[in-house]
Amino acid sequence: MHHRYDVLVVGAGGAGLMAALYAAKGNVSVACISKLYPTRSHTGAAQGGIGAALGNVAEDHWEWHMFDTVKGGDYLTDQDAAEVFAKDIIDVVYELEHMGLPFSRTADGKIAQRKFGGHTREFGKAAVERSCYAKDRTGHMILQTLYQQNVKAGTLFFNEFHVTDLLIEDGRCRGVVAYELSTGELHTFHAKAVILAAGGYGRIFKITSNAVTLTGDLMSIYYRKGLPLEDMEFYQFHPTGLAKLGILVTEGIRGEGGILRNESGERFMERYAPTIKDLAPRDIVSRSIITEIREGRGVGRDKDAVNIDLTHLPREVIEGKLAEITDLARTYLGLDPVKDLVPIQPTAHYAMGGIPTDLNGLCLSDGNGGTVEGLYAAGEQACVSLHGANRLGTNSLGDLVVFGRRAGIYAAQYARQVEFADLPDDPQAESRDLFDSLRQGTGKENAAVIRKELQESMMNNVGIFRNGPDMEKQVDILKDLKARYRNVTVGDPSKRYNSELIEAMELGFALDCAEAMTASALNRTESRGAHDREDFTERNDVDWLKHTMAYKDLDKPGNVVIGYKDVALKGFTRAFEPKPRVY
Amino acid sequence: MLKVKVKILRFNPETDKKAHWETYEVEAQPGDRMLDVIHQVKWFIDPSLALRRSCMHGICGSDAMLIQGRNRLACKTLVRDVVKKSGDTVTVEPIRGLKVEKDLVVDMEPFFDSYKAIMPYFINESPAPATERIQSEEQAERMAHSSNCILCACCTTSCPIFWVNGSYIGPASIVQAHRFIFDSRDQATHQRLNIMNQNTGVWRCRTAYNCTEACPRDIPITQLIEEVKRAVMYQQA
């Protein structure tokens, strides 16, 4: 099948839905492809809030938000992106409210705001109430609201379509190829502009808050074209995942006053971040928890968790503002946060890196200003480098809507100005090859076994604490897994809903993301934000205040070529000089 | 470790004339999710098994299925909820009332068509203020239950009226209508109440309570339907 749209959006989470809405406002034809139904996108799992300096509860300014974002990112954040973001997000939160989003309210009827890790007033003096929230299901409400608005706008959706290839020739994107799960047919989508917004790739790790569908498909496809992935070494572990399961427990739990305690009941964050304690940014809290566990002060049978304590909070707060996680703790652990301590451990959560873009979402082809014409990206999949080396809580929902909106606007603007570029003679050739190779393997390997080994080894070797020897080992493990992957066979010949075929394809994508991440992490010989090396414990601004650009070596399989890109150390009106990052 | 027999209703339209049961034996911990158990089957016994799933913790609504005869999310149903002792059998079937596409995958289009029929989007044509529209905590709380819906279809596909008459828009859509009817900022209340008043609307409900029992998010659906009925009666919200 062949389709033609001015703008094609890939992914229907917060970024994709916002991009689709704004592209449609630009008077161009728009369609949105999703491998799920839109309401099932992972944006729905975000709980705690969306940060914006509305000042509804306490005085706040966009400059403070910009500063926190830059400092939180350990100064790898591009400051022009942070400035655009901190200003735009205020408008966009009001816009979401005007779209009907049911925010929680203050006593005087405004959007309610609460504290979140790393958000401060007066450039770091004390925690500030900046997170706008809808109970602890803010992501759910953003996803539902944006989907509702797309229904209103009549956006055309292709649900359960898996993108298998990006059609890029001579530096211009011409569309995508996608596999329709319900029929097994390949479709060619011819487009003037394509917006990629298909989310992260947390499923390369064993313990993760990410949906099972988050396998980095589009990042991998981009990388397979010889195009770079930026800052892949920066991967965020959320400090509070439900023990063993990794299910997200919102940072709002600490924003509302929850306290982390070790085996002896000590509030250990007082030792690691004396100023803002449990409200320190995620990288710092995650490392503190792992340090407690390593030093034998963990809780649980395997002593591999710590507790979060809510028992001093009123029942109305726990069952009202934190209803979602109360339900999760009761369902999965049989514990009641009203009276029980809840065991948590860090869980792989968010990719700071991804497909590099400029401030308008246009994809970059190198670190020197090269771009891919007609191709845009936004959301977790993209790296406009708002989050730098560590993302602050609430800034992911903000990123989705701010940069999803910009990508939609600029993609439509571009599409209005150009004609359709020609498609390649046989646009589906590479996708057919991909499926043929999966169907014709030698059958000695099971994809599920390889996936499990990938997830366990990445957790062990490229997790919260990293070192050279472990990561070198991981490079070899990945080469071996990729070799074995070529011997996976899809046994199910059926055409309709062949999820065996899809899962095998997703595993190949995940392996590529792991490869780019490991090579980038091994290359960066310093500690910064979420990238913490035991063999290079200091941040090194002289050598490493730069972005990593990881390219697949198309001539030597398994090799990764590393390049760099400058960090924008100034915004348009404000600039914050790198300083030691203490809280 | 428990030994669990999982009896799954299988149907592949390319090879089967009708659905048939297959039983698989797996080992599981009492605290494992039923989705983990089904994944064991798919990943290590029969990869051709088709199902939908994504988030694995009850927020995306993909994996609604009939487990031990009840509509539930496989990721929110623990083995200990449905298995008492080693050797017990658990049945797994697709949700009812929608066409089975393959195994546990059903055609969701009619469900989403009903959803779209109630104008499931905020409508307020007056110029938006520079900041937020003011809404009291009590007014916001009015939407707490209905906005919690994840569109998993557990309620609608457990409703006997929906099974008998597919043109009934079903509990999930009424919950969505409630979400907007009782939003103090929305201006399309009367249009939605008129949709609810049609013969495919709220009066089809016979208060069987199946929907409320099936909801994995504990939404008091029957109560919300009653509130919508009352609003239609008095044409007010």
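The backbone N, Cα and C atoms fix where each Cβ goes, glycine too.
Here is what TrEMBL records for this protein:
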type     : residues                                    : note
DOMAIN   : A:6-397                                     : domain 'FAD-dependent oxidoreductase 2 FAD-binding'
BINDING  : A:11-16, A:34-49, A:D217, A:E380, A:396-397 : FAD binding site
MOD_RES  : A:H42                                       : tele-8alpha-FAD histidine
BINDING  : A:H238, A:T250, A:H349, A:R391              : substrate binding site
ACT_SITE : A:R282                                      : active site, proton acceptor
Item to check | A:H238, A:T250, A:H349, A:R391 excluded, remaining Cβ within 8 Å of their centroid (substrate) | outcome: A:S209, A:Q236, A:P239, A:L248, A:E251, A:R282, A:Y350, A:G393, A:S396
Checklist entry - What's the most sparsely packed of the recorded positions A:H42, A:R391, counting other C-beta atoms within 10 A? => result A:H42
Checklist entry - Looking at the recorded positions A:R40, A:H238, A:R282, A:H349, which sits with the largest number of other Cβ atoms within 10 Å of its Cβ? => result A:R40
Next on the checklist: Using a 10 Å radius around its CB, how many other CB atoms surround A:G48 (FAD binding site)?
Outcome noted: 31
Item to check | Chain-internal residues near A:A15 (FAD binding site), provided their CB is under 8 angstroms and they sit 6+ positions away | outcome: A:T43, A:A197, A:A378, A:G379, A:E380, A:Q381, A:A382, A:D399, A:L400, A:V401, A:F403, A:G404, A:A407
Checklist outcome for this item: Cα-Cα, A:T250 (substrate binding site) versus A:G11 (FAD binding site), nearest Å, comes out at 24
Checklist entry - Per DSSP, to which secondary structure element type does A:R391 (substrate binding site) belong, with helix, strand and coil as the options? => result coil
Checklist outcome for this item: Hits for chain B proximity (Cβ under 8 Å) within binding-site residues A:G11, A:L36, A:G48, A:S396 read A:L36
Next on the checklist: Could you state, as a whole number of Å, the largest distance between Cα atoms of any two of A:H238, A:T250, A:H349, A:R391, the listed substrate binders?
Outcome noted: 14
Checklist outcome for this item: Here the mean pLDDT of the domain 'FAD-dependent oxidoreductase 2 FAD-binding' (A:6-397) is 97
Checklist outcome for this item: Whole-number Å distance separating the Cα atoms of the residue listed as 'active site, proton acceptor' and A:H238 (substrate binding site) is 6
Checklist entry - Do you know which of the binding-site residues A:T250, A:S396 has the most other C-beta atoms within 10 angstroms of its C-beta? => result A:T250
Checklist entry - Least buried of the binding-site residues A:G11, A:G44, going by other Cβ atoms within 10 Å? => result A:G44
Checklist outcome for this item: A:L36 (FAD binding site) has its Cβ surrounded, within 10 angstroms, by a count of other Cβ atoms equal to 24
Checklist entry - Which one is it: of the recorded positions A:H42, A:H238, A:H349, A:R391, whose Cα lies the shortest distance from the Cα of A:L36 (FAD binding site)? => result A:H42
Checklist outcome for this item: Per DSSP (helix/strand/coil reduction), A:H238 (substrate binding site) sits in strand
